[in-house]
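These features come from TrEMBL:
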type: COMPBIAS; residues: 1-10; note: compositional bias 'Basic residues'
type: REGION; residues: 1-61; note: region 'Disordered'
type: COMPBIAS; residues: 11-20; note: compositional bias 'Basic and acidic residues'
type: COMPBIAS; residues: 49-61; note: compositional bias 'Polar residues'
type: TRANSMEM; residues: 86-108; note: transmembrane segment
type: TRANSMEM; residues: 128-147; note: transmembrane segment
type: TRANSMEM; residues: 159-179; note: transmembrane segment
type: TRANSMEM; residues: 199-219; note: transmembrane segment
Amino acid sequence: KRSRDRHKSPRSKDGSRSEKSVTIQTPPAEPLLGNDASRAEEGQDDNWGETTTAITGTSEHSISQEDIARISKDLEDSVGLDCKRYLGLTVAAVLGLLVFLTPIAFILLPQILWRDDLEPCGTVCEGLFISVAFKLLILLIGTWALFFRQPKADIPRVFVFRALLLVLIFLFVFSYWLFYGVRILDSKDTNYQGIVQYAVSLVDALLFIHYLAIVLLELRQLQPMFTVKVVRSTDGESRYYSLGHLSIQRAALVVLENYYKDFTVYNPALLTASKSRAAKHMAGLKVYNVDGPGNNASGQSRAMIAAAARRRDSSHNELYYEEADHERRVKKRRARLVVAVEEAFTHIKRLQAEEQQKAPGEMMDPREAAQAIFPSMARALQKYLRTTRQQQYHSMESILQHLSFCITNNMTPKAFLERYLNPGPTLQYDRDRWFSKQWTLVSEEAVTSGLQDGIVFVLKCLDFSLVVNVKKIPFIKLSEEFIDPKSHKFVLRLQSETSV
């Protein structure tokens, strides 16, 4: 038996990752009172927030040599993506500079090369100078508004329409330069008004290309054509969004932008509690034969299996009473927290301008006032956050900042408690509290292809994934039915038996 266990142990260690336990230590929060020098010396309250959290049980994530190699490869790929992004920005900037300098070069080159042979520029030609200047200014402002934006994300593939526009602009400017070199530079055309008119036609064509860019990049996606259902894989929370004609990678960006503001923050502590409850219920299904396999104990085994089955059938009662007890404790601690906060806020009164001379108490700024009233509510808030398993999202410093903000803006206790009574979206919390910063798009179709009915793609991060199911909005056929106004006439029938 000892040799059999010795042979089984390495297999279970390598073959099953779900049996490993993970210990997570959250970073300690900042000290409460005092300046920067005193904050470094004074320690935080020992009762605050469970600075060390140990999670024992099953874990779905583990690190191996293959994972380390894959992480290093992902880092190299990210460096390559940065190079690609900066290369694309460089190409676009050089091409844009060439576009704006080309009409000016068309007008200045004849003045520099064969100025004496040119025909005099009349009033019409001078008016064309003004036209070129204002059109270039309009084109510059439109290009800045449409293209010069802070990038929101790095996408894995090239944006097809943007690349198509860059190729179109390059071919367009190249063809104009080719015609200009053959018909004007080689022949040294003396009709300067015609040369200026040629530059004006180039600027007009560039304005039309800019209009085409607005249609392809902005207006085309505004009309809703698809409905996507986004489901978080861990807790099943879902949302619905309407999208237009987008590629899969751009639709993924829209989904992530809405995820951070619509979905509640991901709390793995709640999932750990459900897993421990399920493990406790499954423990009743284990049957041990103490007499050994050689003895005849089938009757005893059947009795134990029946007892385990009865215990399994009654597990829903245990779950019901456990959830009811948890709700009771949450309501009780919530009531204590509300009362404590309301009592603490009663000591704060905004000092009016005419009452500054006769103020009976000491005048304090919002930070000092928050530090003064926080100890009276700290214990109730700590217990409530522990009960609802939100202590890892709220440090003492963040609570003090929120409290001083509420005091500065003369907000009520309910406004202060809104952040803690209900878990908010991910954007409500600090960036270091976000569990996912890098996402991976998994799709059977090419990410540059457009959305279609029935497409499913997945957005993965370290802790969970978002499953996106695409459905096309059905075609709606609306008909009209005419109602004759003369049909709205009624007859009242009187009978002796009725009360009318």
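Using N, Cα and C of the backbone, Cβ positions are placed for all residues, glycine too.
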- Taking 86-108, 128-147, 159-179 as candidates, which has the most Cβ pairs under 8 Å with the transmembrane segment (199-219)? 128-147
- Item | Close approaches to the transmembrane segment (159-179) from elsewhere in its chain (Cβ under 8 angstroms; 6 or more beyond its ends) | 91-92, 95, 98-99, 102, 202, 205-206, 209, 212-213, 216-217, 247, 250, 448
- If one takes Cβ-Cβ under 8 Å and requires six or more residues beyond its ends, the residues near the transmembrane segment (128-147) are 92, 96, 100, 103-104, 107, 193, 196-197, 199-200, 203-204, 206-207, 210, 213-214, 217-218
- Query: Mind checking which residues reach the transmembrane segment (86-108)? Cβ under 8 Å, same chain, six or more beyond either end.
  - Reply: 129, 132, 136, 139-140, 143, 147, 158, 166, 169-170, 173, 176-177, 180, 195-196, 198-200, 202-203, 206
